[in-house]
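Here is the structure we will look at.
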Ligand SMILES: Nc1ncnc2c1ncn2[C@@H]1O[C@H](COP(=O)(O)OP(=O)(O)OP(=O)(O)O)[C@@H](O)[C@H]1O
């Protein structure tokens, strides 16, 4: 994506808060005008004391000086306050938009992405865009307005000086930033990529710390972190060299412009085109008006990272999900427990080998169905197709007689309560974790579900009972305890179909028997599909479907 395209797209994001941005720009312009006004009033006071006619009396210049000085504070406050208000509001909107798309991309498109890289984009890349919203848009407008006003004022005093100064404004404010952005673009991009890669490696190393220690890989990981850190530093040095160069060039331009201003003003006085007062005003106005222009030039160094970060955010925002909602979804026709797989064929887009080929299955309301087969035969894949994480390449899946592709993803998934192989516990109380199954459930209903999942006594014995924090002790819970919390969650979700992927793999036979009996008898009206390797888990099912590895 080109720099101009990124800027245009970022600028579009400002639309919902354009009023606040207007206030920020007004504050900025007013702030710069107060600086110019203070300097011009100073010149006015000195010249009128020296007996040079400066249009206003000394007293009026003093009043003007005080007004400008007093307005400087509030205008600066206005600019900074609304600039940051806009930036943080927009960053919050961008975070929500990004998470919304990540949600749609999950799980199919998210499997290929590195967790750390996505976290890096969702947090630090978005944070990096703050520079554009808070420190770029308004300063560009302010610099353009102040440069134009200064040139108009100069042209009113002596048109020639405006003509001579115009190229300085263009070179410092336009040519240098564009050139700098073009030259440093790849370095900025490399830095964000390396940073994402390092974060990903760190998160991976933390997640797998037990295995890393057990297999004696700690030193190797440490060495790799050190190596990656060194590589990042090299790119960072390039960025800093570039930024320093970019900061030095406009400063050089400003110094040269001052020499030219003085030379031309002296020449103007010599040939009688401008008086002492006019020259003094020209000198202070032109010198001061370069400050906002220089600020833009200086920004172009920081913007390299901002553009690279925005590019990464937009790439994630633009990525198309694996499955999409139909344009005109059918409504309310799938709420039953009937399921049918007819002639299903499926190959993962990233693989060449067929996973499911010509698979057929039917379940009536209340049927207890089992999928069995050796490891890798496609049992979990069949469940993923039912949940529409992917669409089959061949055949169709019907729920309640309707093709699941014809209803919205939300309506389709509202039919299912899912227990996956690894129960995810969010950073909240045990009660809230169970209530994921039904946020409106009462405490009594949560307790009832926990009893069905044979986890009630365990929870009661915790120091804070149902209010104990699962996040803090998530890693201290055994696999079986986590699995039973997952089962309680499923029990609470009132859907016609329950999907259980290895529901009792971490439980002893006693607990397994008791939980399955509860599930199969108490939920006799619900259709249950169970995936398991264990004969004991599928023993109570009405029908067993075998999937064969291809
Ligand atoms: N997201 C994916 N992308 C590509 N291939 C995948 C993906 N998920 C699974 N597979 C492959 O598809 C095949 C079937 O996987 P699946 O998880 O459905 O098997 P399974 O029968 O449930 O196995 P297990 O009993 O070991 O859990 C395997 O070869 C697996 O490597």
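First residue shown is number 1, and so on along the chain.
Note: Cβ is positioned from N, Cα and C throughout, glycine not excepted.
These numbers come from a predicted model, not from an experiment.
What TrEMBL lists as transmembrane segment is 20-46 (among others).
Sequence annotations record features per position, and here TrEMBL assigns domain 'ABC transmembrane type-1' to 21-305.
The transmembrane segment annotation in TrEMBL covers 52-71 (among others). Within its own chain, the transmembrane segment (52-71) has Cβ neighbours under 8 Å at 30, 33-35, 37-38, 40-45, 275-277, counting only residues six or more beyond its boundaries.
Annotation source TrEMBL lists transmembrane segment at 132-158 (among others). If you look at the transmembrane segment (132-158), the same-chain residues 6 or more away from its ends with a CB under 8 A from one of its CBs are 7, 10-11, 13-14, 21, 24-25, 28-29, 32-33, 36, 79, 83-84, 86-87, 90-91, 165-166, 169, 173, 268, 273-274, 278, 281-282, 285-286, 289, 292-293, 295-296, 299, 302-303, 306, 310.
Sequence-distant contacts of the transmembrane segment (164-183) (same chain, six or more residues past either end, CB-CB distance under 8 Å): 3, 143-144, 147, 151, 154, 242, 245-246, 249-250, 253-254, 256-257, 260-261, 264, 286, 290, 293-294, 296-297, 299-301, 303-304, 307. Per TrEMBL, the feature transmembrane segment maps to 164-183 (among others).
According to TrEMBL, the transmembrane segment annotation covers 282-304 (among others).
If you look up TrEMBL, you'll see 339-549 marked as domain 'ABC transporter'.
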